[in-house]
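Peer 1: Just dropping this structure here.
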Amino acid sequence: MHIPTAAPAPAKPLPIYRQLYFQVIVAIVLGAILGHYEPLIGEKMKPLGDAFINLVKMIIAPVIFLTIVTGIASMTHLRTVGRVFAKAMAYFLFFSTLALIVGMIVAHVVQPGAGMNINPAELDQTAVHSYVEKSHDLTLVGFLMDIIPKTLVSAFVDGNILQVLFIAVLFGIALASVGEKGKPILNFLEALVAPVFKLVHILMKAAPIGAFGAIAFTIGKYGVGSLVNLAWLVGSFYLTAFLFVAVILGVVCRLCGFSVFKLARYLKAELLLVLGTSSSESALPSLMEKMERAGCSKSVVGLVVPTGYSFNLDGTNIYMTLAALFIAQATNTELTLGHQIALLLVAMLSSKGAAGVTGAGFITLAATLAVVPEVPVAGMALILGVDRFMSECRSLTNFIGNAVATVVVSRWEGALDRNRLQLALDGRESELPPPVDALPEALPAKG
């Protein structure tokens with residue numbers, strides 16, 4: 001069984017004005033113009049962006065549940081589930097840690113906060129107080145307990161990705177364990193996949209409206225001028241994120257036989273949607289569909305993508321250490337090697353506790369600084385004004401990181417159709433045959 005597309009691939013491309021990525025580009029430009037020249041009107045466009053993100057969040061839980069349950073239930077060897085999950089977590093841990101280290105190295109080399117000579121006692125802490133309060137809930141035990149929903153229904157009502165993932169994995173395993181008795185249920189769930197993904201395609205038609213509203217609000221409320229004073233920090237973050245994707249993830253992609261830039265081109269509509277809404281969740285359903293279409297096993301996609309949205313946040317991790325050291329430099333706070341190692345270890349844990357939290361990057365930073373008292377939490381007031389502009393870059397980097405992870409784990413598992421991948425990345429989707437879930441369940445684990 002495979003995730004169906006809404007319609008067969010056309011023999012020739014649609015006119016550019018009918019393509020989603022072009023419509024989103026136009027919407028972003030128009031939103032930026034409105035926000036810049038009519039900021040009061042721009043701020044009032046916020047409900048458009050919020051409404052679109054809510055529409056997407058509405059469908060995320062069913063997409064994850066159906067994809068994972070049908071993927072696991074169709075397996076004949078359940079140990080495959082554990083093997084794929086273990087490989088995914090190993091990948092996430094390595095590259096998340098690497099992203100934290102990269103952010104720390106760049107902060108030392110570029111020194112974005114040096115020379116500011118800010119006195120933390122003179123900063124207005126009221127603006128960051130709400131974020132600090134939310135950060136108190138981000139403990140490791142609290143995070144682990146939050147994975148288990150109070151009821152089966154509450155996970156879907158709250159839209160908690162990790163809870164839906166937890167239920168889907170357990171239900172998929174249970175369904176596979178009962179054998180033929182579970183076939184009618186499996187067939188029913190497989191039949192539901194088509195209308196659910198058709199609904200995804202319908203909702204995506206509203207993407208330009210959502211992107212327009214979100215960008216108009218951002219520019220209208222914060223203004224491009226707010227970037228000037230902290231342009232060095234923002235520029236350093238964007239450059240670091242680009243180098244992480246182009247160099248580190250680029251090398252990983254090359255070793256796996258494809259180009260990260262071609263992958264980004266293949267996902268251009270989704271990337272523009274993430275840019276416009278500043279939310280990687282807004283493109284989650286489309287990412288799952290397109291990764292399977294590009295030759296990744298349905299079973300791997302169903303496990304890796306939703307899990308990666310909580311455990312593989314490369315952009316957020318780069319931001320955390322870079323921003324923390326920026327605050328230390330700006331406030332003339334000396335950090336020993338021991339302090340920085342402690343900061344790294346705390347950030348590794350706290351970054352996992354922000355899954356599904358609005359403003360996750362800023363809240364996670366508050367949680368990290370609260371545990372590392374050497375860096376003044378009050379210093380967060382310095383970056384509050386430009387955090388919204390760094391949010392887009394965090395989301396884009398997180399999104400690309402999860403797309404790369406899906407391909408890498410699929411290849412590692414021997415479940416990647418390389419011919420389909422190359423056709424998709426070369427823009428020859430019209431030549432693609434229907435996808436087949438090629439997970440080699442009966443084979444022993446590789447590498």
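For all residues, glycine too, the Cβ spot is worked out from N, Cα and C.
These came from Swiss-Prot, pasted as-is:
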TRANSMEM  22-42  transmembrane segment
TRANSMEM  52-72  transmembrane segment
TRANSMEM  90-110  transmembrane segment
TRANSMEM  159-179  transmembrane segment
TRANSMEM  199-219  transmembrane segment
TRANSMEM  232-252  transmembrane segment
TRANSMEM  325-347  transmembrane segment
TRANSMEM  366-386  transmembrane segment
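Context for these features, please: burial, neighbours, distances.
Peer 2: Residues of the same chain lying 6 or more positions beyond the ends of the transmembrane segment (52-72) and with a Cβ under 8 Å from any Cβ of it are 1, 3, 78, 81, 155-156, 159, 161, 164-165, 167-169, 171-173, 175-176, 186, 189-190, 192-193, 196-197, 199-200, 203, 206-207, 209-211, 213-214, 277, 279, 281-285, 288, 298-299, 301-303, 306, 437.
Sequence-distant contacts of the transmembrane segment (90-110), counting only residues of its own chain at least 6 positions beyond either end whose CB sits under 8 Å from a CB of the stretch, comprise 232, 236, 239-240, 243-244, 248-249, 307-308, 311-315, 317-322, 324-326, 329, 340, 343-344, 347-348, 351, 401, 405, 408-409, 412.
Below 8 angstroms of C-beta separation, residues 57-58, 60-61, 64-65, 67-76, 78, 81, 146-149, 152, 185-186, 281, 302-303, 306-307, 309-310, 355-356 of the same chain, each at least six residues beyond the ends of the transmembrane segment (159-179), sit close to that stretch.
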Peer 1: At a C-beta cut-off of under 8 Å, are there same-chain residues at least 6 beyond the transmembrane segment (22-42) that contact it? List them, or none.
Peer 2: 16, 207-209, 211-221, 223-224, 269, 272-273, 275-276
